[in-house]
Amino acid sequence: MAKPSHSSYVLQQLNNQREWGFLCDCCIAIDDIYFQAHKAVLAACSSYFRMFFMNHQHSTAQLNLSNMKISAECFDLILQFMYLGKIMTAPSSFEQFKVAMNYLQLYNVPDCLEDIQDADCSSSKCSSSASSRQSSKMIFGVRMYEDTVARNGNEANRWCAEPSSTVNTPHHREPEEESLQLANFPEPLFDVCKKSSVSKLSTPKERVSRRFGRSFTCDSCGFGFSCEKLLDEHVLTCTNRHSYQNTTRAYHRIVDIRDGKDSNIKAELAEKDSSKTFSAQPDKYREDANQAPDDSASTTGSRKSTVEAGIAGEEKSRATETKRIIIKMEPEDIPADDMKDFNIIKVTEKDCNESTDNDELEDEPEEPFYRYYVEEDVGIKKSGRKTLKPRMSISVDERGGLENMRPPNNTSPIQEDAENASCELCGLTITEEDLSSHYLAKHIENICACGKCGQILVKGRQLQEHAQRCGEPQDLTMNGLGNADEKMDMEENPDEQSEIRDMFVEMLDDFRDNHYQINSIQKKQLFKHSACPFRCPNCGQRFETENLVVEHMSSCLDQDMFKGAIMEENERDHRRKHFCNLCGKGFYQRCHLREHYTVHTKEKQFVCQTCGKQFLRERQLRLHNDMHKGMARYVCSICDQGNFRKHDHVRHMISHLSGGETICQVCFQIFPNNEQLEQHMDVHLYTCGICGAKFNLRKDMRSHYNAKHLKRT
């Protein structure tokens, strides 16, 4: 159980560090007065500083508040309140002080002065900026407090050359002995913080009040610590070596040793202290103040012998420390044994840059739903591996056509091996009929379709070379789809072939956007149709595998209803007045065509004015600027965590789900079961006003209306 004084102790140490300037990473200027502070403390107490540090992460070393209606006196008291939870002196005007706190958007603004004013402002337990002029000894943010002892006016301090402040304890005791005279000790000892001796207290309350009086000092760098554990952790990484190390290491513990009743006890204690290692027990660091000697001073000869014994013991301890090397290891987050059932996919820098095109599509009005599913790859010779993957939508510039489902080459399908084909991207050798599914499932982000002929090409140089010779006669048959008779019919009718290919491409596009791909095992069902998760977008027929639905969609082109949709697609092409001279894709506005050219040229013409990073698309730049400003587009309603991309927000929301719960991918509403989610999804569908048919995308509903209900003249 944590001690009740821990929070007060941490605040005290932070305030001491602020006064000393130790680890301060921010400077606040008000007129000609400068205040040092820690960003973490300011951001934890003030919403104003939190947002400022988020928006100006690279230029917050110094902050000027002179143009604000905040006086230096008020800000000094605000810093006291941030670091201590109270103020040491009353402000001249509490209303002005409260206005300044509200302006800085402090999370806790007091209603009255009595709530934050210290009951005993003269107490030295909590020092402030106003009391920083006290001559107490403080090393790197740790203030050394000592017992209140009766001294003569000219008596030297036991630890420091300057007098230090004391801690007021409930019960004052008369000292039982005089302090050790330091006249014969070297002068460098006065500059090093020594381990203060702690008296054995009778009550726990006294131990709490005396807690600030104990410190542990590093022999190498002189840093002071409040407990032995912090000192042990610091020693493992301490690399500082000062010139006074060899001359003072044997002294810093001997100073706290009082003269024993006999010289043998004193020499024994000195030798024991000098041979301590940093892994010793805590009781070896403590000295009993009640072990006071009867004599106030010892002879110079006995002191010298003690020092020599201490130096000899220290050399042995240094040799022991050199041989004993402690390496602190952190446990790995994901052990290798736990990862054996997961597919680990290495994403290159090129893939990350190209995948940003897909990430930005979530801002489009007709955005497809992101489907999260459990995929289980079950092979004959290998065990099943389960991975959770989001089904990403296809880029807008890739919607001009979809795969003819074969790697691009100059040979005709007749000359190729009818049984096997190799993937152009990963080199995997698979059958021709499975090649289409392989490209859809594995490489959808690295392929692009020609807008004129529909041939699938790998992004990059192949796409540009093909676009230059796309007007030349070439074999345009679709590989792996339909039978040989269907291919012959398509070759005899090139115009109909082009129309059918375009609509087939659009259907595959919508198929990827609008349907779930989930595990076929019954216990992992996410929706009631998970046994046959693949559905033809034209006739609604469901299939168990992706290969079956792709083959069915090629034969589904012959239906009259689908031909009507082809006519509707041709009729709306006349509205696209701006066409790309490389791939032939049409756009409604010239600015969209200009942005589309970056797909071919790979020219990143949109530059961030803050950091200089370049982007292909303007919406990528807008999203990047939002990250600079700290403006999260999606905020979790449970824990208030912000995300900039929708699919990242969905992944985060999934972490809040309990067993059996599911989440709507559109409005992020959580439902206890899949049946309620199915009923809720009707709210997000587009309904035909005439026949009541429902569609996921608005353009699908419009196509349905034009093909079914619009009277043609």
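Note that Cβ sites are derived from N, Cα and C of the backbone, with glycine treated the same way.
In Swiss-Prot, the annotation zinc finger applies to 216-242, one of the ranges 216-242, 243-269, 324-350, 486-512.
As annotated in Swiss-Prot, phosphothreonine applies, among T320, T356, T387, to T356. Annotated range for zinc finger in Swiss-Prot, selecting from 57-79, 103-125, 425-447, 448-470: 448-470. Of the candidate ranges 133-155, 363-385, 662-684, Swiss-Prot annotates residues 662-684 with the feature zinc finger. Against the zinc finger (634-656), stretch 662-684 shows more Cβ pairs under 8 Å than any other of 216-242, 606-628, 662-684, 686-709. Looking at the zinc finger (662-684) alone, the prediction's average pLDDT is 85. For the zinc finger (634-656), DSSP puts the residue distribution at 9 helix, 4 strand, 10 coil. Here the zinc finger (686-709) is broken down by DSSP into helix, strand and coil counts: 11 helix, 4 strand, 9 coil.
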